[in-house]
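To start, the structure itself, in structure tokens.
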Amino acid sequence: MFTKHSVEIDWGGRPLKLETGKIARQADGAVVATYGETVVLATVVAAKSPREGVDFLPLTVDYQEKAYAAGRIPGGYFKREGRPTEKETLVSRLIDRPIRPLFVDAWRNETQVIVTTLSHDMENDPDILAMVAASAALTLSGVPFKGPIGAARVGFANDEYILNPTLDEMTDTQLDLVVAGTSDAVLMVESEAKELNEDIMLGAVMFGHRHFQPVINAIIELAEKAAKEPRDVAIIDNSAIEKEMLGIAEQDLRKAYAIPVKQERYAAVAAVKEKVMAYFFPEGQEPKYEKLRVADVFKELEAKIVRWNILDTGRRIDGRDVKTVRNIVCEVGVLPRAHGSALFTRGETQALVVTTLGTGEDEQYIDALSGTYKETFLLHYNFPPYSVGETGRLGGTKRREIGHGKLAWRAIHPVLPPHHEFPYTTRVVSEVTESNGSSSMATVCGSSLALMDAGVPLKRPTAGIAMGLILEGSRYAVLSDILGDEDHLGDMDFKVAGTESGITSLQMDIKIEGITEEIMRVALGQAREGRIHILGEMSKALTAARAELGEYAPRIETFKIPTDKIREVIGTGGKVIREIVEKTGAKVNIEDDGTVKVASSDGEAMKAAIKWIKSIASDPEIGQIYDGTVVKVMEFGAFVNFFGTRDGLVHISQLADKRVQKTTDVVKEGDKVKVKLLGFDDRGKTRLSMKAVDQTTGEDLEAKQKAEGGAEAPREAAGE
């Protein structure tokens, strides 16, 4: 019934198995990949005919994790998987980015790649396996895919690279780098690092590239057994259209792309396009070519002119040379009620970034396959349509926004203080208010400033820069701080973030079939120069975290109580802790080890809550003086609440230093008094005294009398 084919290799000390022919046989390509005991299924289906009216590759990639893969049942009312999680979205992008540039340019058929995690062994993250499985499924499917690709994760610890570190090993590594590419070149890099230098980062990329070659060979071996016949793709010759178009549009396009202001340049390019379309499609005449073909050629001509200008003259669209960074303006404290805020402007790219500090109640609970965990640092990136002068629909967070937000998160995360030193939940929101290239790196710079403005003690300020590439044969130019047009019309988007000490995040996407180690080395070196320059500009606004938290930020005090007192502080059904929160207005969080965190933006509220909790969790000391409130008056004395919820008796003989006939002659309910703890009787009842304390000053009269008596004795002895 089944015609199965499989290959198996040892990879990084664990078996990797690729199998096809048993599951999902109606898909164009289907591969079950197993690494350790982590299993994923990758499927590829492509439409039989091209999609009409599109000038792009209609590729969709969806990665999904099933709760059953980890032996769990989903939470929530419906008990089934819902919309994609952040992890699923990020892995979908991770698969998409290296495979997209490898499709034949003319391919316009709807193509869908779906990767499903079927089993997770809690050791091997499914993301790398998902990339490998998708590559194998595409290679078998018959779609015009110029792969296969391989992928690997690289860690770095004890001055050594680690291939595909396990989840446990990842907790101790200085690097989390994912690299993908072909047998010849690197196509994609995604990473987070603890301020590593350029040589270590480049070494990690090349280490990963070398070590996924056996995976590529295994996919080729499987394809030789089971691949379908390649589909035919109609390659259309547009050279005649391009020749005509050059004659009527080249000079106008060169002039348009010499205009430095984005909106003016776009208007000029649109005018040239209108002229070209009018030439090729005159009114009342039968056109020689399809409109879509002419529009495609115009787009290609735009790219060629920009690229020729840069390679021939070394000058870019806005007049800069290849290394110059646009003008930068940094401002902090721009929003009066925010805990921390910054406005970062670089040329025509601008980000308004806001930091908010919260407590343990604000931590995000993330339900992952490996288990539920809490996240205390959140970074959200928003890209509204007005940032590029367009209208658009506002709705749910888009994949791009999630991806850019995570990139900035990775850049900032390594320089945050440990949670035990700074016990806040921190949320950073970046509102991209203008965009002309590199808005994610503007988010990194703005986030660093906003965090320092809020008083978050970062290890060092962090900045980011986006690099581009123009590659024609053996000629190339690496561009610092790319514009949006240079991103769209160039061959590479290479983003580097870090501090003066090293790189914290590196992301690379290649639109051609890979770049060489030499080009990456040049790009990393040039990026460091740009990053140091940007950090210098940022230092004009703020050089380090403010000494104090923002005026409206909550303050958090942390202390410990005995674990056997936790129940008393919480109370039956949470009654006591609710009362503390309601009456003081402070937030209280108690952990299982007795750690108590009290948070409030009101200092008095915090003091009151701390005092209340400590009074419950500790015992009063004999001989100490306490403030108290008379809660009940009896014939034999008064009961006084003096230590949290603890009451004690002031016997009638201890009310005053004279004979008292009636308790009410001295006190009544509600009176504020000062009492001294005398001790406890045989039944454990608390004995208090008012007469031992000066009710005005709170001075201990018994101690005063003893001191005076002790001071007189030597004088008497001397007199004798």
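Glycine residues also receive a Cβ, built from the backbone N, Cα and C atoms like all the rest.
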Candidate ranges 373-401, 663-691, 692-720 [criterion: Swiss-Prot lists as region 'Disordered']: 692-720
Site with most surrounding Cβ atoms, counting all protein chains shown within 10 Å, from the binding-site residues D487, D493: D493
Per-region confidence, the domain 'KH' (554-613) (mean pLDDT, whole number): 89
Assigned element (helix, strand, coil) containing D487 (Mg(2+) binding site), judged by DSSP: helix
